[in-house]
Amino acid sequence: MLQKKIEEEAAKYKYAMLKKCCYDGAYRNDDETCEERAARIKIGPKCVKAFKDCCYIANQVRAEQSHKNIQLGR
């Protein structure tokens, strides 16, 4: 589900460089926030926006998936 959401978001960007920024933002990094990671981007504001958008979407999907009810067969 996460991959599908990120693919949909990346498809909104016309240029390959911006798509890469989006995919980079989707990578999991529990040590830093999206803002902290985006602060290191030097390419330009469009890349930063794509990075943050995908980072926030990925974090949201991960949070939703981690709270699913799991039934154990006992």
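For all residues, glycine too, the Cβ spot is worked out from N, Cα and C.
According to Swiss-Prot, C54 forms a disulfide bond with C22, chosen from C21, C22. The disulfide entry in Swiss-Prot for C47 points, among C21, C34, to C21.
Neighbour counts of Cβ atoms within 10 Å were compared across the disulfide-bonded residues C47, C54; the minimum falls on C47. Just so you know, of the disulfide-bonded residues C22, C34, the Cβ with the fewest other Cβ atoms around it within 10 Å is the one at C34. In sequence order, C22 are the disulfide-bonded residues from C22, C34, C54, C55 with a C-alpha within 10 Å of the C-alpha of C47 (disulfide bond). Of all Cβ atoms in the shown protein chains, 25 besides its own fall within 10 Å of the Cβ of C55 (disulfide bond). C21 (disulfide bond) has a Cβ environment of 26 other Cβ atoms inside 10 Å.
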